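> Have a look at this one.
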Ligand SMILES: Cc1cc2nc3c(=O)[nH]c(=O)nc-3n(C[C@H](O)[C@H](O)[C@H](O)COP(=O)(O)OP(=O)(O)OC[C@H]3O[C@@H](n4cnc5c(N)ncnc54)[C@H](O)[C@@H]3O)c2cc1C
Ligand SMILES: Cc1cc2nc3c(=O)[nH]c(=O)nc-3n(C[C@H](O)[C@H](O)[C@H](O)COP(=O)(O)OP(=O)(O)OC[C@H]3O[C@@H](n4cnc5c(N)ncnc54)[C@H](O)[C@@H]3O)c2cc1C
């Protein structure tokens with residue numbers, strides 16, 4: 001930290017113990033300490049300098065990433081950072097460059113679908129970094145519809161091998177991260193064909209490149225799929241294309257935990273229940289939700305600090321200009337995002353617990369809660385990633401023109417984050433899955449089958465259909481049970497409405513298709529309820545001076561700003577009347593005023609280093625303008641006073657003296 | 001056009017005359033013909049090849065732009081394209097690279113604020129390209145608040161000169177396009193100080209660089225402000241930083257149309273009415289609205305075509321996979337944007353008329369309508385640019401993973417478009433100005449002062465406050481007057497509500513500040529009404545088989561999808577009841593089905609060449625997959641099979657055999 005602190009006055013107005021809030025955000029004191037130590041380590045290492053602010057040509061960008069990844073790997077080994085805490089912390093501070101080391105989804109796929117023997121063999125190689133693997137599922141022609149993949153794996157009983165083949169152009173593997181240039185191996189998803197029959201899509205471990213000279217093996221064509229959104233962002237990654245021309249692999253390279261092909265070409269199921277693979281899915285989705293809170297909080301931290309530094313327009317009395325964070329329009333755009341970052345953090349933490357819980361249940365062969373867990377995690381992935389992508393871009397706009405500069409850190413944060421709305425399940429496709437679960441839940445009401453977990457509120461569906469909101473004054477909205485019931489009533493009523501409308505169609509499928517937009521809204525209502533309820537639950541558990549009060553305010557902001565945003569839902573379902581909606585709005589404004597003096601401290605509690613933020617606007621010390629100015633001169637265009645191309649293209653124009661009337 | 005046409009079946013289902021629609025979109029047959037001819041010219045010229053799909057290093061990117069700009073200039077001169085139609089057409093097909101030639105806002109500023117003599121001198125130089133000018137208003141510390149600019153222009157009666165100076169770091173000019181590397185001159189906004197008194201911000205023409213060797217003149221520091229959002233986008237432009245150290249300019253370089261400083265340092269107003277400058281503002285804003293429809297239609301064209309090509313998931317009966325454009329969720333995201341592109345096109349066309357109308361009124365010294373016109377143009381700038389930026393990004397998401405590739409054209413389209421939400425007035429700041437106008441309008445109701453133009457509906461405020469929507473069945477929503485009155489009633493009621501709530505505050509200013517979020521919503525309601533009413537008005541005027549029917553459907557989609565989006569507004573103001581809202585939704589779904597077979601033809605009507613679209617996904621012939629595949633291999637990362645950096649960084653890792661347990 002430098003000596004000046006332009007935000008000191010903001011920090012003095014905080015009404016809570018920031019150190020205690022840091023612990024709450026980090027999850028525990030232990031987590032905070034390690035994160036803090038690792039953060040400093042990374043920030044002080046010149047190898048990790050963020051030098052890609054200016055536009056690097058693709059090859060240079062990629063090479064740079066390899067350098068950093070290798071350095072990080074060396075560091076982890078040298079410092080013997082063998083435990084999960086430390087590794088995760090390092091991964092956290094150097095996002096993206098680590099995807100190569102993590103080998104994407106390669107490891108989780110083998111863990112989920114490989115036999116014990118396969119896991120032992122391949123994971124050991126991967127952990128030792130003797131191979132680098134990627135996850136090759138998506139094809140040029142198929143992403144969401146995994147069952148439609150076209151790559152074939154045909155068993156050849158003569159040689160006891162599978163023949164992996166790309167029969168069409170659209171069957172080319174397309175998108176896998178790490179595939180294009182680096183991976184030596186891949187888990188390839190292909191249609192298993194044996195004895196002339198197609199058994200659908202299965203996973204196979206395929207070696208792609210020689211471990212000797214890194215050249216693609218015979219029959220294999222690999223390349224990078226080209227430039228992506230943003231100038232750095234995912235361009236540091238070699239998302240790749242891959243084609244097979246009758247490539248032979250040993251039969252044992254099929255991932256055989258759930259099913260096998262025998263030596264004589266028989267397809268047999270193992271006695272391991274299929275449901276076990278869901279564990280991996282829950283794990284991946286909780287990680288995505290946790291990433292959402294990281295990305296959103298980072299953007300919010302930048303926007304809150306800069307909004308406190310930035311002054312624009314004088315107060316009526318001609319005093320100093322107003323900090324833009326004092327404008328109610330700024331607050332109404334910014335504070336709900338501040339609240340969302342906390343909300344997503346807590347729901348992500350809860351998903352970690354859910355993962356442990358599910359794992360135990362799966363091991364006990366208890367699969368009853370799986371549909372509910374699936375709907376919950378799919379929905380939360382969709383909700384948090386969409387809200388985060390939109391939120392980052394809103395934070396960028398909240399910084400005015402300067403937010404458009406790469407040195408603000410926000411453009412790259414958006415570009416690198418936004419594909420989370422698409423990968424691991426397109427967000428709309430996921431919400432439709434949630435909707436299916438909800439419609440099923442409604443259809444089983446009264447059947448004796450009791451909804452559980454995040455769907456348990458359907459047990460009181462009858463009550464919620466009748467429920468009347470009893471808010472009479474703005475403060476009534478501070479009551480968590482009022483908020484909770486309002487969200488429950490909305491969710492139940494939207495789901496029941498949809499179910500009723502579907503039942504009027506000629507078939508359920510047709511009704512579902514026709515009403516799918518409404519169904520998506522019902523799914524969103526269900527997911528927002530989950531986040532609200534987890535936030536409310538969390539508030540009671542926290543410790544530290546003033547911490548609970550702040551979190552309660554943020555929780556209320558999260559909920560009431562959602563009510564405002566989705567007012568159509570709440571009013572059409574008659575959960576609220578217009579007066580109660582107006583009162584919610586009044587209360588929301590009051591909450592903004594309450595949070596205002598704490599805003600900077602609330603983002604300080606994330607404990608993000610300036611290095612991690614990578615933003616001239618989000619600096620801890622608020623010393624924005626000199627840094628913006630300094631950063632500008634580093635652009636290569638400033639290498640020379642007269643730019644390249646002037647003599648060739650501009651001077652002749654200036655000197656030609658051709659008249660030409662315009663406009 | 002190639003021989004295959006994968007979209008031929010889509011084109012056959014169109015129920016209207018596409019050629020007639022092209023004329024409607026272009027504005028006239030003449031406009032269409034010229035646009036078409038110029039489009040072909042540009043597309044066939046190898047100099048304009050879109051070769052920046054891959055990531056170019058900044059200097060190379062910039063040099064490339066200079067090359068294209070010089071070539072375009074040459075072309076225009078060689079072909080003697082002297083009339084406006086042709087020039088605009090060329091500008092249209094080569095966006096951005098032309099900003100240098102257009103000299104940004106330099107020309108309009110001199111036109112608006114220069115005396116006849118000054119215009120003659122400077123515009124002639126600019127038109128002949130003997131100088132290149134930029135518009136230097138924004139500073140590091142001030143953007144929205146132009147009155148807070150800090151650069152000073154102090155009159156020195158001894159030398160009869162102004163001394164331009166940057167007294168603080170935050171007074172550095174920051175952002176002007178073309179400033180960083182190319183401009184020789186600028187219109188610089190600075191506080192005029194004479195005789196010890198500060199007369200506020202005025203414009204001055206300042207020479208920045210030597211016309212001889214392009215070096216900055218003494219006392220002037222200039223540079224580029226560094227990388228911006230996206231990899232191409234505005235990085236082709238040299239937005240710049242500029243500092244003055246007591247730079248002397250002749251007194252006559254002050255733009256003196258409205259006020260002057262005399263030889264002896266007296267500040268005097270001319271008899272030209274200040275209001276005249278508003279003409280320029282209306283001109284600039286109509287251009288921005290027109291750009292919005294271009295950018296949005298471009299994105300929509302790509303997303304519609306690709307959604308018709310892309311198939312994902314089988315129908316129940318196991319036939320071919322479903323085109324994703326047939327999913328109702330896809331339609332409910334895409335078709336409102338298709339409708340918006342048309343809506344913005346027509347409101348932009350109407351703004352052109354408004355500009356002519358205003359110009360005439362100004363010349364007749366009739367300033368009565370100015371506040372209304374100002375609110376209308378400010379609001380439409382805000383509404384259309386925000387909706388377009390969001391719409392482009394939604395189109396990108398609608399293309400799934402492939403939309404994230406630069407070869408889709410969508411990432412760059414977003415990155416280059418999105419600053420339109422910030423420049424020429426931050427969108428929220430503009431809406432607050434609209435809100436001020438509305439509150440004033442409400443306060444004058446009953447005073448005898450009759451609201452005119454786009455605010456004329458306030459004349460029937462009393463009726464609208466009482467109005468009851470009489471929709472009883474879904475088809476009732478097809479009645480334009482029902483839609484219009486619903487939008488009018490919502491706008492009036494929101495404005496009146498705000499005014500009433502403000503009147504409860506201790507002062508109007510305080511009330512305005514406290515309720516500014518609600519005010520922004522009222523302003524949006526006013527602007528959406530304008531767009532809806534212009535669309536309705538347009539529908540009656542069009543010619544051609546089936547054209548009116550299609551546009552009526554799009555107009556209804558635009559309005560009803562807005563009702564759905566802003567349902568909270570319509571319900572809290574009791575313009576609609578929940579049943580009527582549900583009927584609007586039913587009608588909307590029916591309209592989607594009606595537009596579906598026409599969707600591809602409706603984007604064909606934009607008459608965009610594949611060159612202009614610059615998208616593998618949006619190709620006219622729908623031949624998407626081979627082109628995506630082909631494009632990928634052009635990335636420099638594919639220059640070599642084994643990537644740069646492998647031997648240095650990856651191979652050592654693969655060979656080190658250090659065990660390390662993870663995850
Ligand atoms: C940065 C990035 C990294 C990736 N990394 C990997 C990786 O490592 N390995 C890998 O295998 N893949 C990877 N992917 C691919 C990713 O998994 C797919 O892009 C994703 O599954 C979405 O599929 P799609 O692109 O085919 O979209 P599509 O399914 O084609 O979606 C296009 C549109 O159709 C709509 N749609 C599709 N189906 C339906 C339906 N049933 N109902 C309604 N609407 C529908 C969608 O909502 C969307 O609007 C990556 C993608 C990206 C962008
Ligand atoms: C690509 C690009 C090109 C540009 N080209 C030029 C050019 O050629 N010449 C030139 O002079 N300038 C140029 N600009 C600068 C541009 O005009 C400013 O960025 C713009 O005016 C916004 O001002 P700001 O950046 O200071 O934002 P700020 O005013 O600092 O806005 C920051 C935040 O404060 C909020 N805010 C500010 N005032 C208020 C208020 N009164 N009430 C409520 N909220 C408020 C805003 O809504 C925003 O959320 C360009 C900018 C960009 C991004």
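Note that Cβ sites are derived from N, Cα and C of the backbone, with glycine treated the same way.
Annotations for this protein, taken from TrEMBL, read as follows:
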type	residues	note
ACT_SITE	A:424	active site, proton acceptor
BINDING	A:138, A:177	FAD binding site
DOMAIN	A:17-132	domain 'Acyl-coenzyme A oxidase N-terminal'
DOMAIN	A:134-236	domain 'Acyl-CoA oxidase/dehydrogenase middle'
DOMAIN	A:278-439	domain 'Acyl-CoA oxidase C-alpha1'
DOMAIN	A:479-655	domain 'Acyl-CoA oxidase C-terminal'
> Could you tell me how many residues in the domain 'Acyl-CoA oxidase/dehydrogenase middle' (A:134-236) are helical, how many are strand and how many are coil under DSSP?
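Going by DSSP assignments, the domain 'Acyl-CoA oxidase/dehydrogenase middle' (A:134-236) contains 10 helix, 45 strand, 48 coil.
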> What's the CA to CA span in angstrom from residue A:138 (FAD binding site) over to residue A:424 (active site, proton acceptor)?
10
> Taking helix as H, G and I and strand as E and B in DSSP, count the residues of the domain 'Acyl-coenzyme A oxidase N-terminal' (A:17-132) in helix, strand and coil.
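The domain 'Acyl-coenzyme A oxidase N-terminal' (A:17-132) comes out at 83 helix, 0 strand, 33 coil.
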> Across the domain 'Acyl-CoA oxidase C-alpha1' (A:278-439), what is the average pLDDT of the model, as a whole number?
96
> So, in DSSP terms, is residue A:424 (active site, proton acceptor) helix, strand, or coil?
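Where residue A:424 (active site, proton acceptor) sits, the three-state DSSP reduction gives coil.
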> For residue A:177 (FAD binding site) and residue A:424 (active site, proton acceptor), what Cα-Cα distance in Å is obtained after rounding to a whole number?
13
> Which of these recorded positions, A:138, A:177, A:424, are close to chain B by Cβ (under 8 Å)?
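Filtering A:138, A:177, A:424 for a Cβ under 8 Å from chain B leaves A:138.
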> Can you check which residue among the recorded positions A:138, A:177, A:424 has the largest number of Cβ atoms within 10 Å of its own?
A:177
